[in-house]
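Peer 1: Handing you a structure now.
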Amino acid sequence: MAVQLGHAPTEGTPTMGRTFARLLPFVKPIMPRLFFGFICALAAGIVALTIPQVLAWLVNNVLHPEGNSSDVWLAVGLVAGLGALEAALVFLRRQFVITPAARLETQMRVRFYEHLQRLPVAFHERWGSGQLLSRSMSDLSLLRRWLAFGSLMLVVSTVTVLTGLVLMFNSSWVLGSIYLVGAIPITIKAFHFRNTYKTASRLSQDQAGDLATAVEESVHGIRVIKAFGRGRHMYDGFNSRASQLRDTEVTKARTLASFLVFIVSIPETALGLGLVAGLWLTSQDQLSIGALVAFFATATVLAGPVENMGMLLGMTLTTKTALDRHFEVMDAENTITSPDDPRRPADPVGELVLSNVHFSFPDAAGTSAPTLRGVNLRVRPGETMALVGMTGTGKSTLLQLIPRLHEATSGRVLIDGIDVRDWDLTELRRCVAVAFEDTILFSASIRENVLLGAPELPEAHLGALLDEAIDTAQAGFARSLPNGLDTVIGEEGLSLSGGQRQRIALARAIAAKPRILVLDDPLSALDVRTEETVTEKLRTTLDGTTTLIVAHRPSTVMLADRVALLKDGAIHDVGTHSELLAGNTHYRFVIASLEDEEDPDTTTLGGGPRS
Ligand SMILES: Nc1ncnc2c1ncn2[C@@H]1O[C@H](COP(=O)(O)OP(=O)(O)OP(=O)(O)O)[C@@H](O)[C@H]1O
């Protein structure tokens with residue numbers, strides 16, 4: 001199975017305009033506040049630019065032999081007042097934009113999570129968890145920072161630089177032209193910077209996602225790593241990936257630094273030339289000293305916005321990459337949906353029929369045979385049927401087609417005569433409860449884990465349902481945990497033993513009160529005696545519930561009403577355990593191989609019930 005590591009090629013990615021245009025629906029509701037934030041930022045920039053004009057007036061009219069010295073205080077007061085006004089405007093800008101930007105980030109994150117929940121299992125099998133984690137967390141944080149600061153400041157810096165240029169031309173068109181000529185090499189360099197930075201930015205965000213996957217995998221598999229003494233090996237692998245990310249980050253920083261050197265040094269060089277030209281023009285009486293001072297003071301004010309534009313361009317490119325990564329997931333199509341006009345069975349009894357069902361995994365090689373190749377099976381209402389077959393024949397795959405975790409490639413899966421594709425998806429999954437071999441529990445209380453899929457009932461009924469499910473699944477041990485059924489179990493239930501986790505997961509399937517119960521070898525970690533007690537209890541609690549159970553142990557097989565034998569992607573035979581044992585060579589072979597895996601002291605075979 002190939003896991004998507006997120007290294008999408010940068011060729012063919014959407015243009016800047018197209019990517020940011022997709023933000024519009026989210027930005028629209030907060031547009032007024034962003035607009036006011038923008039006005040404040042712009043006003044702050046303009047206020048900063050007026051200070052040099054006050055200085056020019058001071059030089060030309062006050063620091064003049066015939067000037068009025070008391071006007072110095074007026075100029076000082078003006079400069080101080082303008083400085084205070086600029087600070088107040090910056091404060092207001094932050095007030096206007098920070099809250100809506102944070103709200104937008106949350107809104108997009110929640111939508112992302114909701115979309116992930118809806119996407120089919122096939123999608124989650126392809127994508128590394130770290131990629132999804134980084135796209136939902138750090139990529140959206142980048143967007144918030146850009147929206148609250150980068151976007152406004154990019155526009156404001158551009159407007160400030162353009163206004164500054166006009167003022168510089170107003171002081172002296174010669175000096176203004178010298179300054180403007182510097183923009184030509186900066187523009188050329190900016191194009192080169194954009195391409196290099198965009199590639200490095202994409203690589204670094206993808207590598208960060210892969211690194212998160214590596215952390216997640218090693219934390220998840222810490223027992224295996226420790227047991228096999230592979231800590232050093234995992235460390236080396238992680239170190240190498242972390243070094244790759246560091247190298248990419250260094251490349252990114254170098255690219256930005258070389259652009260910043262350019263963007264700072266060119267205007268500085270232009271200013272040097274401007275100084276020479278300005279002094280000559282002043283000596284020729286073609287330029288007043290005040291205009292010269294205003295020109296240089298304006299150029300000093302512009303130094304900040306010009307340098308910022310380089311960093312803001314880098315920030316904008318990183319945000320564009322983050323948005324592309326976000327929308328790559330949001331654009332993933334949900335192929336398993338409810339029909340527009342769902343059907344409901346008139347007489348729900350829990351009959352399950354598979355009719356000529358074929359299935360291939362989406363990422364299977366085109367030349368490989370489908371996993372399921374014409375499965376025909378009928379499980380009668382209320383019947384318990386065991387599904388048996390050699391390892392890798394597709395038993396788990398078949399079970400997953402019933403609640404539409406995967407979709408049959410062709411053929412039909414029918415519940416009470418209605419194709420599962422015609423059922424409302426929520427209702428279908430309420431009707432079919434599943435317990436998998438690999439038990440997944442959530443870091444929540446036992447009560448919450450067991451009642452995860454329970455029908456909506458009054459509290460008192462839920463309590464009774466919980467007790468019944470716990471008793472049937474032989475999960476009474478949970479009551480003696482420190483806080484009883486309210487004990488919060490560790491992440492993925494790792495604080496419980498394998499058998500305990502399986503019993504909680506089974507209790508969860510029972511508490512869902514399904515019409516059809518699908519069990520993928522859910523008792524494999526139990527000893528045979530406990531398994532027997534569980535199965536007997538299941539028979540009474542789930543009386544009338546149709547059950548399809550993948551069995552890896554002869555003990556489980558014998559407790560079923562009938563057995564279906566899966567071979568070569570199809571149902572090879574159906575009958576009682578004794579019938580198949582007597583008449584089917586392949587069944588005898590499968591049972592013999594299952595027996596080999598089981599402790600011979602605890603197994604009784606031969607068609608009769610165990611003692
Ligand atoms: N997500 C997947 N993508 C591609 N192939 C898969 C995927 N999951 C399972 N397979 C393949 O499909 C086949 C059937 O797998 P499945 O898990 O259904 O077998 P099984 O009969 O339940 O096996 P076991 O008894 O060992 O649990 C196997 O060859 C397996 O490698």
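Cβ coordinates are placed from backbone N, Cα and C, and glycine is handled just like the others.
According to TrEMBL, the record shows the following:
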| type | residues | note |
| --- | --- | --- |
| TRANSMEM | 34-60 | transmembrane segment |
| DOMAIN | 35-318 | domain 'ABC transmembrane type-1' |
| TRANSMEM | 72-92 | transmembrane segment |
| TRANSMEM | 146-167 | transmembrane segment |
| TRANSMEM | 173-192 | transmembrane segment |
| TRANSMEM | 256-281 | transmembrane segment |
| TRANSMEM | 287-306 | transmembrane segment |
| DOMAIN | 352-593 | domain 'ABC transporter' |
Peer 1: For the transmembrane segment (256-281), name the stretch out of 34-60, 72-92, 146-167, 173-192, 287-306 with the most CB-CB pairs under 8 Å.
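Peer 2: The stretch with the most contacts is 173-192.
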Peer 1: For the transmembrane segment (72-92), which stretch among 34-60, 146-167, 173-192, 287-306 has the most Cβ pairs under 8 A?
Peer 2: 34-60
Peer 1: Which sequence-distant residues neighbour the transmembrane segment (146-167)? Criterion: at least 6 residues beyond either end, Cβ under 8 Å.
Peer 2: 27, 34, 37-38, 41-42, 44-46, 48-49, 52-53, 93-94, 97-98, 101-102, 104, 176, 179-180, 294, 298-299, 301-302, 305-306, 308-309, 312-313, 315-316, 318-319
Peer 1: Given the model, what does the mean pLDDT over the domain 'ABC transporter' (352-593) come out as?
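Peer 2: Mean per-residue confidence for the domain 'ABC transporter' (352-593): 88 out of 100.
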